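Trainee: Dropping the structure in here first, questions after.
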């Protein structure tokens, strides 16, 4: 192809990463982003890589698969990880970021790159003038989504995703909550609102009977387990939340706790955790409380949480439909289209699930778009690495049962030899091997 540049459509986590990876390899990029001229119901700004759900990039330890993926991306010079490290906020053993500061830094680093031209306009056709990376995300505009679905034989996959409410910290009653990380991992980074059994039962009853906002679609509700609305979880059973976001283990009462408790128990019956959402520490989100309740119902029900009786919600929870492709049939392991060889896809639309995973797919697609431009061989990362196993999974899964996938040790190639029974030791060995196997790929 004679074109002198590569198109990247969408400046979310995947698109920003793809554009950066292409530009750092000396190739001009035209980066298209419609926000700024056309907004979406979920985005609040026109900044790149805006986080519309949680502000956490999840676990940071190498014994956690997403922690391993992040370390691999750091070594591959990821602009997303660079920005996350610079804007991190306390979150125990997790990597959480100042939501606005993070997006602003990504925007700045990408926009200021001399080889990246940012064009604020909506793209409604799949370009054929140059090698193109489509990274328009789960909130792809209808016009472009139709073209992508046509590639898929007209079958659009989808699932629903939700975001948790954010609260002004000054409106939390600090006498009813305590600062602690689960099992005291890292610094004490979460505010914990404990509940007695009766408080939990009353809360559960209110939650399952609260009125939900209507969906904008006639299609059947289908949720990704990692971002399930709290009310849907509650309806699965009275104790379901106690094994999920309201799990009390490792969150014992502090010695000076004076509030209500069940007898002499050292651990609450249930706990709601709040996590810092910005660097200033003025905003906190309710961890795991993604929701699609009507806003008035959110206020009524969530103010039943101890300490939140007078809480001011600076953002209510919202839900949106996420589209994803039939990647096993449509994409190569490099995220290159099998049908249109100059086209790459990246981000959640490929069936990777999660912020870090989306950025990782952008990194892989960007590197390979650049290599195609230069006439070089495709770069397929080994399945012994997190960044190699995830693209392999989404492009080799059973198409009939394909669902979005987070990175996890189950999709990374097993260690040779007898299985190590101790999980922590096994994961440490997998991580050690992954980083060794990644080494030869770092300068490509």
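Glycine is treated like the rest: Cβ placed from N, Cα and C.
Here's the feature list from Swiss-Prot:
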- 10, 11, 12, 13, 14, 15: FAD binding site (BINDING)
Trainee: Find, among the binding-site residues listed as 11, 13, 14, the one whose Cβ has the highest number of other Cβ atoms within 10 Å in the structure shown.
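Mentor: Selected residue: 14.
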Trainee: List, in sequence order, the same-chain residues at least six positions removed whose CB sits under 8 Å from that of residue 15 (FAD binding site)?
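Mentor: Within the chain, residue 15 (FAD binding site) has Cβ neighbours under 8 Å at 8, 9, 31, 33, 48, 133, 135, 136, 137, 346, 347, 362.
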Trainee: State the count of C-beta atoms found within 10 angstroms of the C-beta of residue 12 (FAD binding site), not counting that atom itself.
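Mentor: Counting Cβ neighbours of residue 12 (FAD binding site) within 10 Å gives 30.
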Trainee: What is the total of other Cβ atoms whose distance to the Cβ of residue 10 (FAD binding site) is within 10 Å?
Mentor: 30
Trainee: Under DSSP, is residue 14 (FAD binding site) part of a helix or a strand, or is it coil?
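Mentor: Reduced to three states, the DSSP call for residue 14 (FAD binding site) is helix.
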